[in-house]
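Only one structure is covered here, and it is reproduced in the block below.
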C-alpha cells in the first residue's frame with residue numbers, strides 16, 4: 001500500500017488495467033462499483049448459433065436410430081440386439097470427439113478461434129450428409145465418427161465466450177450456453193422424429209424412389225442446412241478474438257518476460273515503484289480486465305508472483321502447463337457433471353417408456369418427446385433470467401453445489417414414481433405431479449453448467465492456454481459422455497432383469513456417483529480470480 005500511495009498521475013485519459021485481487025492489493029483509486037459491460041449482441045448471437053449445431057447433430061438420430069439399425073440387417077433379425085448396435089452409434093460420436101477436441105483447442109490457440117469454428121461447422125455439414133446416405137452399418141458408424149472428429153466447436157466456443165466477455169458480464173454470457181444446449185437437444189429429436197421416412201407421411205415424397213432408398217436423409221439434410229448457414233453467418237460476421245502479439249525482431253539471450261514482467265520496462269529493477277502506462281503493451285483481457293481510467297501508472301508486482309506464467313511471446317503452450325490443480329480440479333468436477341447429466345438423459349426416455357409392470361411409466365414416444373421438449377425449452381429460457389442473478393447472490397461455488405444436489409432429487413424420484421404408478425395400476429395425477437417435480441429439479445440443475453464453464457475458463461494459466469484448457473475439459477466431458485449411455489442403460493437392464501434392490505439398484509448406484517461428485521466440489525476455489533477482480 002505504501003507504494004501505491006506514491007503513484008503519480010501522468011495523464012487522465014490513459015487506460016488503467018486491473019489485476020486480480022490476489023496479485024495486487026486493492027487501490028483506493030479503484031472505483032468501488034463497476035458497471036456491467038453490455039454484451040456484444042451480434043458476436044454472441046453468431047457464437048450461439050454455431051454452438052446450436054452440435055446438440056442438434058448429436059440428438060437428431062435418436063428417434064430413428066433403432067429402426068435404422070434393424071434395416072441394415074446387422075442384428076440378423078434379433079431385435080434384442082438392437083440396443084447394443086444403436087448404443088455404439090450413439091456413443092461413437094462422443095468417443096471420437098473426446099480424442100479430437102483437445103487438438104482442435106490447441107489449433108485454435110495457434111491459428112485463431114474463427115478458422116476452427118468455421119471448419120467445425122463445415123465438417124458437421126459434410127458428415128451429416130454422409131450419414132443420411134449411408135445404408136450399411138459400417139458406413140453409418142464411420143459417418144457418426146466423422147461428426148465427432150470434425151466437431152471442434154464445442155470447446156473453442158467456450159474459449160471465445162470467455163474472450164468476448166469480462167468479469168462484469170461473463171456469468172450472463174455463459175448462461176446462454178446451457179440454454180442453447182437445451183434448445184438444440186429439443187430441436188434435434190423433433191427434426192429426427194418428424195422428418196424421418198417422409199414417404200410414409202407425405203404423398204409428395206412417395207413419387208420419388210430416392211426417399212424410399214434413403215428414408216432418413218431429410219432430417220440429416222435439414223441439420224446440415226443449419227450447420228452450413230452457421231458457417232456462412234460466421235464467415236461474414238464473426239470477429240477473431242485471439243489477440244495477435246507481434247514478435248520482437250531483436251531477440252536477446254535472456255528468457256522472455258512473463259505476463260506480469262511485461263509491465264516492467266527493460267532494465268527496471270524489481271524494487272521500482274511504478275511504471276508509465278504509455279510504455280506498457282496491451283494486456284489480454286481474458287487474463288487482465290480493463291476498468292475505468294483512473295491513473296497512468298501501475299505498481300510493479302514482484303516477479304515471483306508470476307513465476308509459473310507462460311510467456312506470451314512463446315506462442316501456444318504445452319499440455320504440461322495446464323496439468324496443475326487449479327485447472328484439473330474444475331475439470332474433474334466437469335467430468336462428474338457430464339457423467340451424471342448424460343445418465344439422466346439416457347434414463348428419462350428409458351424409464352418413461354418401460355411398461356408399468358417392469359417399473360416404468362409406459363409413456364409412448366410422442367409423450368416422452370413432448371415432456372423433454374417442453375422441459376428443455378422452458379428450462380433454457382428460465383436459465384437466461386435466473387442464472388446471472390443467482391450467480392451474483394451466491395457466487396460460483398455455492399450456486400454450483402446447490403444446483404448439483406438437484407441430481408439426488410432427480411434420481412430419487414425415479415423409483416418413487418415407479419412405486420406410485422405401479423400401485424395405482426395406471427398413470428394418474430400423482431404420476432404427473434412427480435414428473436413435474438422431477439423436471440423442476442432438472443431445470444434447477446441447469447445452473448451447474450454456467451458455473452463450471454466459468455470455473456474452467458477462469459482456471460486457464462493465461463490467455464495462450466485458454467483454448468488448450470477448454471479442449472482438455474471437453475475431452476474429459478466427451479469421454480464420460482461416451483461411457484454414460486452404456487453404463488446407465490446396461491445397469492438399468494441388469495437391474496430390471498434380476499430385480500436388484502427391488503428393481504431400483506440403478507438409481508442408487510447413480511446417487512453414489514453423484515455423491516462422489518459432490519465430494520469433489522471441496523477442491524473448487526471459493527472465489528474465482530475474476531470475482532476477486534470485482
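One is the number of the first residue shown, and numbering goes on along the chain from there.
Cβ atoms here come from the backbone N, Cα and C positions, even for glycine.
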Query raised in the report: transmembrane segment per TrEMBL sits at which of 59-81, 151-173, 174-196?
Result: 174-196
Report task. Return yes if the transmembrane segment (331-354) and the transmembrane segment (432-456) have at least 3 CB pairs under 8 Å (sequence gap of 6 or more), otherwise no. Result -> yes
Query raised in the report: Same chain, outside the transmembrane segment (432-456) by at least 6, Cβ under 8 Å from its Cβ: which residues?
Result: 158, 161, 170-171, 174-175, 177-178, 181-182, 327, 330-331, 333-334, 337, 341, 344, 361, 371, 375, 378-380, 382-383, 386-387, 390-391, 396-397, 399-400, 402-404, 406-407, 409-410, 413-414, 416-417, 420, 469-470, 473, 524-525, 528, 530
Report summary line: With the cut-off at Cβ under 8 Å and a gap of six or more residues from its ends, the chain residues touching the transmembrane segment (399-420) are 333, 337, 340-341, 344, 347, 351, 359-361, 390-391, 430-431, 434-435, 437-438, 441-442, 444-448, 451-452, 455, 503-504, 507-508, 510-511, 514-515, 517-518, 521, 524
Requested in this report: Could you pull out which residues elsewhere in the chain have a CB under 8 Å from any CB of the transmembrane segment (505-524), counting only those six or more residues past its ends?
Outcome: 325, 329-330, 332-333, 336-337, 339-340, 343, 347, 396-397, 400-401, 404-405, 407-408, 411-412, 414-415, 455, 488, 491-492, 494-495
Report task. Verify whether three or more Cβ pairs under 8 angstroms connect the transmembrane segment (216-238) with the transmembrane segment (116-134), leaving out any pair fewer than 6 apart in sequence. Result -> yes
Query - Leading contact stretch, 85-104, 174-196, 216-238 vs the transmembrane segment (366-387) - CB distance under 8 Å - result: 174-196
Query raised in the report: Other than its close neighbours in sequence, what residues sit by the transmembrane segment (174-196), given a CB gap under 8 Å and a spacing of at least six beyond its ends?
Result: 44, 48, 51-64, 157-158, 161, 165, 215-216, 218-219, 222-223, 345, 365, 369, 372-373, 376-377, 379-381, 383-384, 387-388, 391, 446-447, 449-450, 453-454, 457
